[in-house]
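J.: Below is the structure I would like to discuss, written out as structure tokens.
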């Protein structure tokens, strides 16, 4: 019997090419995301192919919150701003103001009225005056860079439309069971078989774009002698936001299999100032030392990911909250941020540019492990590093293990270092 999610998926997913052909033909496809993310399936159809009959089908089998994913440029041209200035949604779902068609509709909520607004959103000749807000339909703004920047259903939808040569407007809604609980993969696949709908994982779109798109550019390289030995340092610039990232390479890694890799998020307080609140500086030092000892490997240093993506100022505010009894998870949530908002597409592209395909990843973080796999890299082994508990970081580390699922295997408290 097939039991694991990976086995179930691989036995039932169709090719990306088949899904693209179905979209061109006006058919539905289903995109499922990672189990570590929303773990849901969205029913998707091209905006320009929508009909009242197909909208009715969407409404009957989903939450009823039907959305249209469009590029940010298109939404700007239609004068549709974000719904809120401070997006506190767990996955930063990029809603704009809700809309109805300005003319030719009744209440705006019927299948016919929603079809009308989708047709307008998909029509490149539509203008801002063709819409009114608030309404009953929810446009979503796809991130520049698509699934390589954010591996969500919004970006998957727009990327699929562009790959199919259609207008960059797709309709999507989340599949639910008859009791309105969310469909998970087994139920999604059963539904797809019943209605003859193609199912693909978001990872298939990511893998395709990883091979066809280039979102980082190497701008300089040099020899870098360090206290751990000689490395070659490469500076990469993201073509998405202009941030410059680093790759420290030990030995000849191009084309090699099972290369030792550490993808490290910038932490000024831990990496530079020696903060005892976190284990970031120790992880960085241990990883560089271990790579140097093995003689071959890569350390990717991702800038702009301070405090699991919330920025230095907010991270220090989180420290103050922790001093008043919050743990690292609740501190982020109290400030309106996700527990961990980092994405790893740029890091993956740097590794691919270094001609890596299979890696041994130095990490305790399941989100990083699965995130890098989702970006087209094959992880053949996870390499843990020793974790040292101190009085200052004990609660932080235990929270990462108990509430964030990190694979730390913490020793008991009497192994605490001073």
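Including glycine, each Cβ sits where the backbone N, Cα and C put it.
Look at Swiss-Prot and you will find 340 tagged as active site, proton acceptor, backed by sequence analysis. The D-ribulose 5-phosphate binding site annotation in Swiss-Prot covers 37, 38, 42, 150, 151, 152, 153, 154, 174 and is backed by sequence analysis. According to Swiss-Prot, the feature Mg(2+) 2 binding site maps to 38, 153. Taken from Swiss-Prot, the feature Mg(2+) 1 binding site applies to 38, supported by sequence analysis. What Swiss-Prot records for 262, 263, 264, 265, 266, 283, 306, 307, 308, 328, 363, 368 is GTP binding site, and it gives sequence analysis as the kind of evidence. Swiss-Prot lists 267, 278, 280 with the feature Zn(2+) binding site, giving sequence analysis as the kind of evidence. The region 'DHBP synthase' annotation in Swiss-Prot covers 1-211. Per Swiss-Prot, region 'GTP cyclohydrolase II' is recorded for 212-418. What Swiss-Prot lists as site 'Essential for DHBP synthase activity' is 136, 174, and the listing cites sequence analysis.
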J.: What whole-number Å value do you get for the CA-CA distance of residue 42 (D-ribulose 5-phosphate binding site) and residue 136 (site 'Essential for DHBP synthase activity')?
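T.: Answer for this pair: 19 Å between alpha carbons.
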J.: If you run the three-state DSSP split on residue 280 (Zn(2+) binding site), which class comes out?
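T.: In three-state terms, residue 280 (Zn(2+) binding site) counts as helix.
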J.: Please list residues from the chain of residue 174 (D-ribulose 5-phosphate binding site) whose Cβ is under 8 angstroms from its Cβ, counting only those at least six apart in sequence.
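T.: Sequence-distant Cβ neighbours: 40, 41, 42, 43, 62, 63, 65, 153, 182.
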J.: Could you state the CA-to-CA distance between the residue listed as 'active site, proton acceptor' and residue 308 (GTP binding site) to the nearest Å?
T.: 5
J.: Taking only C-alpha atoms and a 10 A limit, tell me which of 136, 151, 280 are near residue 264 (GTP binding site). These are the recorded positions.
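T.: Of everything listed, what lies within 10 Å of residue 264 (GTP binding site) (Cα to Cα) is 280.
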J.: For the recorded Zn(2+) site formed by 267, 278, 280, name the remaining residues of the chain with Cβ within 8 Å of the site's Cβ center, in chain order.
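T.: Surrounding the site, in chain order, are 265, 269, 270, 271, 275, 277, 279, 281, 283.
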